[in-house]
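Quick look at what TrEMBL annotates:
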{"type": "ACT_SITE", "residues": "D9", "note": "active site, nucleophile"}
{"type": "BINDING", "residues": "D9, D11, D173, D177", "note": "Mg(2+) binding site"}
{"type": "BINDING", "residues": "K150", "note": "substrate binding site"}
Amino acid sequence: MKFKAIVADIDGTITCEKRELHLGAVKKIRTLKLPFVLATGNILCYARTTSRLIGLEGAVIAENGGAITVRFDLQGTYEESMEECEKAYSFLSRYFNLTKLDPLYRKTEIALRRDFDLEKARSLLKTQNLDVEMVDTKYAIHIKSKKVNKGVGLKKLANMMGLKARDFVAIGDSANDVEMFEVSGFGIAVGNGDEIIKEAADYVTEATYGDGTIEAIEFLEEKGWI
Ligand SMILES: O=C(O)COP(=O)(O)O
Ligand SMILES: [Mg+2]
């Protein structure tokens, strides 16, 4: 097996436990000769800034696949899915006191503070005919279009880079990384990952957070797969 690129989640994967960027992981990523893409549920400017400060090229998937850029000097693309998310948000606001995260910058989905009963919200939402779903990343609960996810985003971005999603190894830690594992050639969950992502993974690291990403890259190097 030989892979041509790596796509990694940000929060919980290249960070430390308290969410600071993991400097050891950054150092390791900087040694790589192949393209390294960031994929996050967070907003596009957060993803692009992280890419810039790591020393990468600006190929990022943000808002769980809703926003993509391939290079810093190119305009991003956005999916048009906010309207249904807003309807779901208004409906759920009747039952819960919800707090939006970064609403000024978020263009394709809604991220909420994790301080309400997700299972109850999910069952309430089922009564509505909306094309949205809720995903918990452990950092936020996202209301997003069912059509958009990091897997769909990876296919699109890979195509823009002249690659296939299968050419990528994916590294991640939570439920919003599952589809990216499904479309990539090989999925690695870091040790702190949720059960759902560990089940979807081809390999699970012993180490957690950024140390898990270092271990993942070393594993790929030892195998000669990158
Ligand atoms: O924005 C979030 O909720 C989590 O972000 P992540 O996808 O980088 O882990
Ligand atoms: Mg994550």
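Placed from the backbone N, Cα and C atoms, the Cβ positions cover glycine too.
The model shown is predicted, which means the values in this text are computed figures rather than measured ones.
Within 8 A of the CB centroid of the Mg(2+) site residues D9, D11, D173, D177, the other residues of that chain are A8, I10, G12, T13, T40, T137, I171, G172, S174, N176, V190, G193, I197.
The Cβ neighbour count for the residue listed as 'substrate binding site', using a 10 Å radius over every protein chain in view, is 30. Note: the Cα of D173 (Mg(2+) binding site) and the Cα of D9 (active site, nucleophile) are spaced 7 Å from each other. Counted over every protein chain shown, other Cβ atoms within 10 Å are most numerous around D173 among the binding-site residues D11, D173. The recorded positions in question are D9, D177, and the one with the fewest Cβ neighbours inside 10 Å is D9. Of all the recorded positions listed here (D9, D11, D177), D177 has the Cα closest to the Cα of K150 (substrate binding site). In this structure, D9, D11 are the recorded positions from D9, D11, K150, D177 whose C-beta falls under 6 Å of some atom of ligand 1. Straight-line distance linking the Cα atoms of D177 (Mg(2+) binding site) and D9 (active site, nucleophile), rounded to a whole number, equals 7 Å. DSSP assigns D11 (Mg(2+) binding site) to coil in the three-state reduction, placing it in neither a helix nor a strand. Secondary structure at D177 (Mg(2+) binding site), taken from DSSP and collapsed to helix, strand or coil, is helix.
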